[in-house]
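Visitor: One structure coming up, written as structure tokens, with questions to follow.
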Amino acid sequence: MWLSMTVQAYLSLCWPVCVAPLPPSITATQNTIYVRFRSDSSRSHRGFSARFSEACGASITTNDIGGAISSPRYPSPYPSNQNCSWIIKAQEPFNHVTLSFTDFELEMINSDCSHDALEILDGDNYQAPSIGRYCGYEVPHPVTSFSNALVVNFISDHSVSKRGFRATYSASTSSCGGELVMESGAFNSPNYPDAYPPNVECVWTIKSSPGNRLQLSFIIFQLQGDPDCDNDFLEIREGDSAGPLVGRFCGASLPSNYTSVVGHILWVKFVSDASISGAGFRATFAHLYGNDVTGEIGQIASPLYPRMYPPYSHYRWTITVDGDSFVQIRFLDMDIEDTQDCLYDHLKVFDGPSVHYYPLGKLCGLSLPPTIRSSGSALTLQFMSDSAGTGKGFLVEWTAVQDSGPTPTVPPGACGGVLMTGETPGFLFSPGWPENYLPNQECTWLIRSPDSTVELNLLYLDMEDYPMCYFDSLVIRDGASSVSPELATVCGRDPPSSLHSTGDTMYIHFSSDSSVHGRGFNASYSRGCGGLLHVDRGVLSSPRYPQNYLPNQDCSWHVMVTPGFRVSVTFQSPFQIQGYGSVCSSGDYLELRNGPDASAPLIGGRLCGASAPSVQQTTDNHLFMRFISDATNEGSGFKLTFEAHSLACGGFIELNDNDPPGYITSPNYPQNYPQNIDCVWVISVPNGEAVQIDFEDDFYIEPTSSCAYDYLELLDGSTSNDVVIVHLCGNTRPSTQHSSGSSMLLRFRTDTSVTHKGFKAKYSIATCGGAYIGQRGTIKSPGYPAANYPDSSSCEWYLEGPTGHYLTLSFDLFNLQSSSGCTADYVEIREYNASGRILGRFCGSNIPVSMETSDSFAHVKFVSDASGNAPGFSLTFEASVEVCGGELNAASGTISSPNYPNLYPHSRVCHWQLVVPHGRRVTLTINDLRLEGSGTSCSFDYVDVLNGWLEVAPPPAEVLWDSPSRYTGFTASYSSEEPAECGGILNNPTGGDFTSPGYLVSNYSNNLNCEWLIQNPQHVNSSIVVLIEDFHLENHQSCASDYLQFRLGNADGEMLAKLCGQTAPTIPIVVFTPELWVHFQTNAFQQDLGFKAKYLFSECGGWQTGEGGVLSSPNYPAIYPSPSRCAWLLEAPPGYTIKLTFSYFNLEPHSQCGWDSVTIFNGGSPGSPVIGQYCGTTSPGTIQSGSNKVAVVFLADHSVSRGGFRATWSADSSGCGGVIHADSGTIKSPNYPQNFPANVECSWKIIAHEGNHVEMSFNSDFQIPDSSGTCQSSYVKVWSGQTQNSEALLSTGCGSVAPPPIIAPYNTITSRFQGTGTPGKGFSASFITRCGANFTASSGRVVSPNYPAEYPFNSNCNYIIDAGKQTVVVLTFKVFQIEADSTCTYDGLKIYNLAAPGSPPIATVCGSSIPGPVSNFGPMLINFYSDYVVNDSGFLAEYTAIPCGGFFNSTMGTVSSPALSMANYLHNINCTYHIMVQADKVVDLKFNTFHLESSSSCRYDYVAVYDGQDTLAPLLGQFCGAVLPPNLRSSSNQLFIVFRTDGSVNGIGWRAVYSQTLGPAQGCGGYMSMPIGRFGSPDPNLDDRYEFRMDCMWTIEMPPNTVVNLTFESFDLEDSSNCRYDYLNVFDGDNNNFPLVGTFCGSFIPAYFVSSGNFLTVHFVTDNSVNKRGFNATYRSVPMLCGGTLNATTAVQTLTSPYYPNAYPPFTSCRWILDAPAQESIKLSVQTFVLQPSQSCSTNYLEMKDWPVGDYGQSHKFCAADAHPPDFYSYGRTVLVQFKSDAFVARNGVSFTYQIAGCSRTYEQPYGYLKSPGWPNVYPHNVDCTIILKAPQNSSISFFFNNLDLESHSQCQFDFLEIRNGSTAESPLIGRFCGNTLPNPVFPKSNELYLRFKSDFSMALNGFEATWTSSPNGCGGTLYGDHGSFTSPNFPGTYPNSTHCEWDIVAPRGRVVTVAFAQISIDDPGDCQNNFLKLYDGPDDSSAPVGPYCGPETNIAPFTASSHHVYIVFQAQYATLPSGFRLTWSS
């Protein structure tokens, strides 16, 4: 440091300053200054005054040790306006200076550092070149000079000041190296990227803060060097130059990533010699915070210490020392943001191995805390910081010490502390006692009682009271941590009884809120004597053991272990209980009882004396102990160990040849196993066999180097002296193990410390095969080497090495039977699994060459056939030393291919998983990529980068190489500077939104991976709620493409929902866990709009633990708010079940509970099985769970609220009853095999996987005494399903004979045990499940085994759906994922009709495409099968069984064909429907859907309706086809419907609505034929109002040639604008197909009406609302002026308008019905038809139509504007002709003739329509018809076929249509046609055609229809009819050049024409100017045009005109290419 001096003088000085003016300030070049004052012997003056101060900057000469510089006042903010310079020179012989920054924080406003800055120059003067200018917060990298000096300039302006900087300097002989303290960074060899210089030595020291680690990654590495790295090398050590060596590296192989192990410092040294140089290296480093440390001494510091710790820190350090030592921490430095209660940044210390243990302190501020010491061998530090203020953090030193310090003392009224029990009780008080406790308190006490339990007695209690103690609470827990089991939660004023811990610690937490408070509590604590112990292992002793117990003790313990286990008791020495007598009848004694209380039977009698008793064991999971001492003569007492003991923890297992494999697990699996257990299993199999153990699922036993603490040991025999096969611990799933003989012993031992999940092992009789997991291993063929392998062997081994290592497989010996192609005996080796890439198939005796896998997996299969064998083989596998891949969790780093930059090796698969801090995203930069190319597919070598690495996400980034190549691979670097595009932590207390990226701006992108973690900031009485407001994701049957997923807790938690598609879920997601994980993932394909979701935290719900509690709806007992969303988890201690009882229940009712509901789940999450969903006022009552957890979800919508609910819950240890969701298990009577208690009743509901059925068997040791002998009072019963219905009863048992085995039809059974008489042993029943089920319900689900998990191999499951013979079963698949195969050979579903045994399957399906619905008449069998190779997630299908027919007796309903709208109706069904309504009513039947196979007489498929109760009643009609049948009405109160189908064509089906109504007998409709009469609206109840829902039809018939006069006398109907409610219709004829005269409603009386014929129909209809007085009408007959019903004959007859040719009367309406004999048709020829153009077409016209018109009949209406009507030939036997005119005008009138037409006829007209007789039904046999077409002279006919279907024959000898060019049978033959191929058009180029249609006596088909026209132009003409077709000239040939055609399509009036383009190709250049087809929407070319069309048009939409006219023009000047068109029209 420099010194600055300022001199203040008042007189002159002589040397060297001696003048009066003030000298300038002097600044020294060093940190010392020398001042000398001298005066002579003469004159003297006043002298001088000088002031000196420390100046910034200095001139420094340094050696290799160096020093440090810093900004002024560091670490306090530097002053303003500073300008400091340091000149640092290297002392010889050194020639470089290195400056390394340890801290840096300068003001930064602009990137050019224009305000405060630090600049470094390379030299010893201010003109030297600049190395860099720095500001901001990022620590600069070390700087090394090229010269021998550095200049450091520091400048600050007048404004903002920061902390400044600190840097160390040193001299060296090389221009590299330095100290690296930044959080992440990089360094490289000198001159990089150029070659490094020779003779260089560089040292870098990389430092993190103590207790943390460093990660080092290399990007580039190429050093010249020999194999021993003696030339150029890089050396890495931990700590310093003398620290442990990590490695010495040279050459071109990239060193692997390295994470420091020993400490927080890495020392890196680079050396080059004088010879050749390489390219050098570049490396990156990053800090890793948080650690698990062990040892005896060390330091731990906050991140970046001693620099400022970063924001958002959340790190944990756990210190573990030897088990007999304790941890002591001493604080060396403390600087953490200081706030009240350390609210923001803080360091927490916990007394144990996790953050759940007792908190020893929450620390912040600047003061050094006192020394902290643990009470055990572990201690945890947790450091957290927020986003704001920071400090240096903390530095602690920890040591292992031999004692835990002095016994803690807690002053009365202190808020928390650690307490120790003593000889006398201690006391504990709430804070402030005896005054009221303070608000907002959080206090924790930990009470320890070494070698004893803790007893707590609350002596006084006064706390705010509220259900569940939500506000103020005292929580007592059984253990040492905040997650230990809850003993009690108390508040209010009623203290509980004594509380006892099961171990030696008790954890107490007191909490108060900000409102009501009381005095608190006063409690005593002491060593325990008695209590309830619900653990599976523990220690009990008499008080004060081994000292003498006290007199007058009475201690009772109730020990309860997990149900299904027994309690074993082992006594320790010394044992001394002073009792006397042979049975300890006097003095002191100990009793053990086989049950839960003092009434249970004694085990072995009373215990006393001085000899330790032998091991005792209960028969159930309860043990009751009582210790009594009298007033004298005490002893040392007893100490015992108890533990749960059963086959789940030890036992003897005997396995026979036909027995299935079984499972053994560590206790509590998959929860953590207990401490201090020692379980021994002995498994034996028949002689000559061996035992095989396969480990499944997770394996995790405390890992240690020699498995010294917790371990699983397998021994090759049945005793503990046998040879150890393997000694296991850690978290790697072990390989398959085999015994050499017929027995194996397994021993599982744990100590007193760490516990983990444990193991699950499957035991079976060994054959061969299994899983081998590890670095190396050997597999052998069966019998090898002692004997040849057996015939018909099939063995599969799965090999797995460590992740990132490839496997080398080598045969040691090999001798198999040889065969061509190795088809007999062989060994096959594949990559990964049985479907992986094959590496080889081997047989014979030549040893195969070694093989290497590309990844760490291999599959080996050995097969031998039934003949010939050999010695076999031995195969060894070994994992590679080199590693490729791994998880990298630093903020930045590098990855590279193996051996980069040299050639990468052979086939290899490497997986890297990159994880960076929350809120950031990974940026991956490929720096070099040299891989073998394979086009766009990258099918050979490739790097695959994917977004995310969870198992549910796409696979992690992976790199694949195939065979060795000449390519060097790749290198890539990654960083995390950019913020994440999505995801993050959501914890705003007020809630918020989260959306897919780009929501409302753009579609989300492909390959997204977004993860949100919703954290609930409230601890109790709160739930997380997610509402999805908008949702649009790509759809997929199992959401495998894009999806939004929710999981409880974190990414490993239970999945709640996986959503996709276009519909937002209406039900919110509500959970009780403090965290909810949300995952949004998209694939590489389709995008969509995305989603928007809202999260919030409700003020209800939460997690309740202990032995009871209360839950209620919000605001209870007031009404709950709308909406409400709450979720609770109720958790009882392990081994208990939960009894939940509702005392009040009132929710908004709904049939499906779709509005407000309470849902109860049998387990610990909303994804557990549902017990029930409840709403309305039907209370759930009492619910008993099947486990120790129940989830309850309450949802209320935004509308109606009610009183809510209140429920209490309690833990139940009886094991009696409950809901069990499991696929196997046991139920038994209480205390079994001891006697059950009197008057007991238990009900179980067992629900297995829905793809299975349940099978139950009873233990033969069965005793349920029943005095009646009829199983009435005492029994066990089993029902199928969830109800106790008699029809579902499967079994009843009582007495002493167990019921036989039970096979339930599906996955649910209910069992009830009742004992009301004499107690007995009771029963034990075990249940298992097998796949398949029988379904009899009308609807349900069918799923594959294990669905939605993968189905098992080798499945063969039958599902039978049988809801009755007369039902149609429709099976609809929702999810379908089964191994695909073209013939479904391997896995699949076969569906059979059970009613037709032996018939082939209805369907066989597999693959991933969802099959269409499958239906069947009668029972259906579904067979699911799978092989042993590939499996998938299976299928989910829903079925509906629809009755075929039935009895219907409601007043209104629907009948339909089975499965309508789900599938077409089935073949060969016969369904009958019997409809019966009230006796005085009739039945109306109205069809609204009808589509059946059509036939002429409805003889194939039909619906027949009978007017009565069966088929003997009159037939109302038999219907088929697609025409809706007419409305039908019965004459009585019954209708009978028959629906029958044949075995061929089917259709959609039919539906009809029936209703009861009034009939003619009640005055509603009828037939009236009197000459005069009266009728009106019915009023059966005489209330002067007509009835609702009436449909009355009156038909009035007068004598022939008279008409009906209808007159209304009164009229009052409900009024509406268009009479759509109640109305009366009048039709001019005998049914409602005749013209509608009028529709009437309201109160206006209609005018009279005179019919045009002798019939009139009146139709009266009412709805179901308003009714009025109705109507009355009279009718009478009057003479007819025209019209009538007439018979046609072969003679020509004439009809005219009235008085023709004279004037007819006004408003003339004539209607003639002309009828011909059966099978005949009628010809009409209009002679005269004149009306005036001025007359309206609506009231002046001539109409001719088939009667009735039906689907195919003609209807032609002619007005004045139309051409002369052509001849009309009827399709059927009846024609209706109507002439109507409102006024006569001169020349008006009509005259026409009619006669029987026959099938031979002559058409003398220019156009027309032809059809075969009977069309569209079949033509008659033996017809021979001649038809002559005669068009006008000089015109040409065009004849177009529309349809042709005649009996086929090669020569058309049977049925045919013959066409000749002329008018006679001798005219030239054009063609003879038959079959069903549509003939080409006929263009005879004449005006006459001769047609002959002939049929024989045999087959008849539909016939033919054709359209014809003519034109003088050779083409074009009028096309008349409601449908038809036409083509271009010469079609299908090309039309001639210079063609011009015009067609006029005319459909019947009232129709609209649609033209369809069947085929069109018009040769044209493309402008459609010379060659085109154009349509006009009207009668001529002045109408609106459409088109033109030309070229080869292939997809022209049909054109629909606006009327019944379309005009078409076709013009073609030329055609070079084949051209033509065909058009069709309909109307």
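Using N, Cα and C of the backbone, Cβ positions are placed for all residues, glycine too.
Given the structure is predicted, the values throughout are model-derived calculations rather than measurements.
Annotation comment: TrEMBL describes 1-21 as signal peptide. The annotation domain 'CUB' is assigned in TrEMBL to 176-288, 289-401, 415-528, 529-645, 649-766, 768-880, 982-1098, 1100-1212, 1216-1330, 1564-1678, 1799-1911, 1915-2027 (among others). Per TrEMBL, the feature disulfide bond maps to Cys768-Cys795, Cys1444-Cys1471.
Can you tell me where each of these features sits in this structure?
Guide: The average pLDDT computed over the domain 'CUB' (176-288) stands at 85.
For Cys1471 (disulfide bond), the same-chain residues that are 6 or more apart in sequence and have a Cβ closer than 8 Å to its Cβ are Gln1366, Cys1444, Gly1445, Ser1457, Pro1458, Val1538, Phe1539, Arg1540.
For the domain 'CUB' (1564-1678), DSSP puts the residue distribution at 0 helix, 54 strand, 61 coil.
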Visitor: Are there three or more C-beta pairs under 8 angstroms joining the domain 'CUB' (1216-1330) and the domain 'CUB' (415-528), sequence spacing 6 or more?
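Guide: No, the domain 'CUB' (415-528) does not contact the domain 'CUB' (1216-1330).
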Visitor: What are the helix, strand and coil residue counts for the domain 'CUB' (415-528) according to DSSP?
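Guide: Residue counts in helix, strand and coil order: 3 helix, 52 strand, 59 coil.
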Visitor: Run through the Cβ atoms and count how many others sit within 10 Å of the one on Cys1444 (disulfide bond).
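Guide: Neighbour count, Cβ to Cβ under the 10 Å cut-off: 23.
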Visitor: Among the disulfide-bonded residues Cys768, Cys795, which residue has the largest number of other Cβ atoms within 10 Å of its own Cβ?
Guide: Cys768
Visitor: Please spell out the DSSP helix, strand and coil residue counts for the domain 'CUB' (1216-1330).
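Guide: Helix, strand, coil within the domain 'CUB' (1216-1330): 3 helix, 55 strand, 57 coil.
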Visitor: What is the number of residues in the domain 'CUB' (289-401) that are helix, strand and coil, as DSSP sees it?
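Guide: DSSP classes over the domain 'CUB' (289-401) add up to 3 helix, 57 strand, 53 coil.
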Visitor: Of the residues in the domain 'CUB' (1100-1212), how many are helix, strand and coil by DSSP?
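Guide: Here the numbers are 0 helix, 57 strand, 56 coil.
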